[in-house]
Amino acid sequence: MITRASSIQKNVVDEKFLQMEFADGDLAGGKNLVYESRERFGENVRKFCEHFVQVGGTVLMLGRPQAGAVWEVVSSGRRANDENLHSTFDDAAPFNDGDSDKQSQSKRFHIPQPRSLLAPEDMASHRTINVEADNFSGNGGKVMQLAPGDPLSAHASPSTTKSIGFIWRSLASVEAVLAGDVDTCRDEGGGDTWTVHAIPCSCVIDTSSRGASRSAAADFCCSLLQVYPSSEVDITMESEGQVNGTFVYEGASAAAYEMREKPTVIFVLGGPGSGKGTQCARIVENYGFVHLSAGDLLRAEVASGSEHGVMLQNMMKEGKIVPAEVTVGLLQAAMAKSGKNKFLIDGFPRDEDNRLTFERVTGIIPEFVLFFDCPEDVMEKRLLNRGEGRVDDNVETIRKRFKVFSCQSVPVVDYYERLAKVRKVKSTYPPDMVFTNIKPYFTKFLEADVLDATRKLVKAIDNGDSLTYRKFVDEKLTAYEPEAQGHLVEGLPFHLLWLDTVDQNTQEDKRVISRICSPWVRLLGENAAIVGYARLFQAAKGPVVSTSNETRVWERRKSEDGAFEWKLVHLHRTTAPMWDT
Ligand SMILES: Nc1ncnc2c1ncn2[C@@H]1O[C@H](COP(=O)(O)OP(=O)(O)OP(=O)(O)O)[C@@H](O)[C@H]1O
Ligand SMILES: Nc1ccn([C@H]2C[C@H](O)[C@@H](COP(=O)(O)O)O2)c(=O)n1
């Protein structure tokens with residue numbers, strides 16, 4: 001059943017939403033809800049949790065307690081050892097160390113039936129969460145038992161890293177269990193103490209706000225959604241209203257993954273003429289970022305004859321920083337208009353007010369700040385030679401701009417320095433050399449892109465979507481996969497047959513989704529990469545889960561429109577999915 005959360009708008013969980021969606025006891029009986037949020041929020045979520053529990057739901061919050069919220073822990077969990085791991089599954093434990101038949105058991109097991117995880121009677125007695133103490137400092141190595149009403153902050157250190165450690169490990173445990181990987185499970189579980197698939201929560205709230213913690217949490221949610229059959233997971237939602245209500249059905253993991261797609265922002269700072277715009281153009285070309293120059297946006301605003309135009313023009317002529325609300329408004333509009341999610345914001349934040357306003361309005365924290373270090377005499381010469389006819393490229397204004405930069409912008413750089421977010425590059429060298437020095441900071445985006453391409457490709461395969469599949473795959477793809485019985489397969493027809501077959505069989509019992517587990521990426525220079533992972537197949541028929549290891553070799557090329565794209569050139573797959581047995 002899919003519950004429509006249509007009233008979810010900006011800052012979702014308002015009174016109206018609670019009344020409309022849940023007053024009818026819709027959620028009684030252990031419906032699952034995954035709630036991810038990037039934003040700080042307080043009262044609304046507290047109310048929501050209370051309500052959710054009243055109607056019989058259970059909630060697991062991911063992330064750290066945020067200021068202003070009373071974090072009532074209404075989560076569920078229980079420790080798992082081999083014994084209850086075994087009982088979690090219908091008839092085949094995913095692994096059993098002493099079992100000679102371990103191999104075959106690890107390859108195929110039934111999806112746990114939700115009721116064996118979440119019996120109604122369990123709900124009442126298990127509204128506590130067991131968290132390995134070493135993820136929260138100061139608990140003397142004991143497992144914490146948090147009861148409903150306990151403020152998490154009373155027990156946990158407010159360190160995101162620590163609490164997120166729990167999520168990371170949980171995620172890895174889920175994957176390890178599903179993949180039948182005993183060793184990883186042991187490692188990730190910190191011995192064989194606990195594992196997450198025994199958490200019978202019906203609601204996951206992720207309050208982690210950014211970066212690795214956020215993607216870890218999103219992955220965690222994906223994993224939970226994979227573990228729980230779709231009928232048990234009704235809604236995912238997200239607090240900012242950008243994603244709004246997302247309905248979770250068999251594509252649960254995809255939905256959770258989508259939610260992770262939040263803008264990545266890199267601030268580009270440096271004195272006037274340090275070469276920000278010049279380097280941004282290269283970064284855009286190579287790494288697919290959208291370049292937003294605060295100065296360009298302001299100049300365009302002036303040129304458009306807007307009501308603030310004269311004021312903006314006068315301030316810029318004086319080298320002054322314009323009111324933050326104006327600049328942030330322009331940036332926000334440009335980000336939304338682009339429809340993209342990776343931005344280089346150039347010449348911003350110019351002062352503390354810029355920084356604070358941006359954070360408050362967008363809730364976005366930059367991935368890092370790229371800072372160009374250049375002496376004033378070099379910058380001055382460059383600006384005087386720029387020849388773009390800017391009103392502020394004259395000696396008098398340039399010097400004022402230098403002053404504003406050192407008095408107002410440098411403190412912002414210092415602020416980010418304290419957060420270890422500044423990536424400093426000397427920009428006195430020729431442009432190509434400066435760019436060479438920038439590249440290492442962007443390697444991780446190449447890795448993310450190729451992984452993203454892999455996920456999209458796998459999704460296309462699951463959906464029998466041959467159009468998307470072809471977009472990602474080279475016509476001369478070579479492959480070793482079990483279906484080819486040890487022969488090297490060349491070209492697409494062999495693979496397209498499987499896609500077409502899936503396409504024709506979209507009846508319920510043929511549905512298959514797969515998830516990439518424990519992926520790794522190895523870049524071979526800038527234009528080639530190997531991606532490896534365990535692929536977890538979940539077939540509705542059965543229901544059955546099986547796994548396979550895949551290695552995909554990708555090449556990065558320029559497409560016709562000049563943008564770089566990743567193309568799959570080789571594939572190796574170990575075992576074929578086994579839902580027919
Ligand atoms: N590494 C470099 N070596 C020599 N000249 C450069 C270098 N980088 C940029 N320039 C030149 O210096 C001038 C200023 O560069 P650019 O516009 O990129 O600076 P900016 O930091 O964006 O300036 P502003 O803050 O005023 O917008 C341009 O004419 C550009 O061609
Ligand atoms: N965050 C910003 C960015 C720019 N401005 C104004 C003041 C600058 O002197 C002018 C030109 O910017 P540049 O193209 O050199 O980045 O635009 C601002 O007030 N606030």
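Each Cβ is built from the backbone N, Cα and C atoms, and glycine gets one as well.
Annotation note: Tyr429 (ATP binding site) sits in a coil segment as assigned by DSSP. For Tyr429 (ATP binding site), the count of additional Cβ atoms within 10 Å of its Cβ stands at 14 [all protein chains shown]. According to TrEMBL, the ATP binding site annotation covers Gly273, Ser274, Gly275, Lys276, Gly277, Thr278, Arg386, Tyr429.
Here Arg299 (ribonucleoside 5'-phosphate binding site) comes close to Met316, Arg390: these same-chain residues lie at least six apart in sequence, with C-beta atoms under 8 angstroms from its C-beta. If you look up TrEMBL, you'll see Arg299, Lys320, Ile321, Val322, Gly347, Phe348, Pro349, Arg350, Arg390, Arg401 marked as ribonucleoside 5'-phosphate binding site.
The CMP binding site annotation in TrEMBL covers Asn354. Annotation for Asn354 (CMP binding site): spatial neighbours Ile321, Ala324, Thr327, Val328, Phe348, Val412, criterion Cβ-Cβ under 8 Å with sequence separation of six or more. Secondary structure from DSSP puts Asn354 (CMP binding site) in a helix.
As annotated by TrEMBL, domain 'Calcium/calmodulin-dependent protein kinase II association-domain' applies to 447-577.
What TrEMBL lists as region 'Disordered' is 82-117.
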Exercise. Here are some binding-site residues: Gly273, Gly275, Gly347, Pro349. Which one has the most Cβ atoms within 10 Å of its Cβ?
Worked result: Pro349
Exercise. What residues, ordered by sequence, lie under 8 A Cβ-to-Cβ from Ser274 (ATP binding site) and sit at least six positions away in the same chain?
Worked result: Phe372, Asp373, Cys374, Met379, Ser427
Seminar exercise, completed: Rounded to a whole number of Å, the separation of the Cα atoms of Thr278 (ATP binding site) and Pro349 (ribonucleoside 5'-phosphate binding site) comes to 18
Exercise. So what pLDDT does the domain 'Calcium/calmodulin-dependent protein kinase II association-domain' (447-577) average out to?
Worked result: 86
For this session: May I ask you to report the DSSP-based helix, strand or coil state of Pro349 (ribonucleoside 5'-phosphate binding site)?
Result: coil
Problem set entry | Distance from Lys276 (ATP binding site) back to Gly347 (ribonucleoside 5'-phosphate binding site), taken between C-alpha atoms, in Å | 8
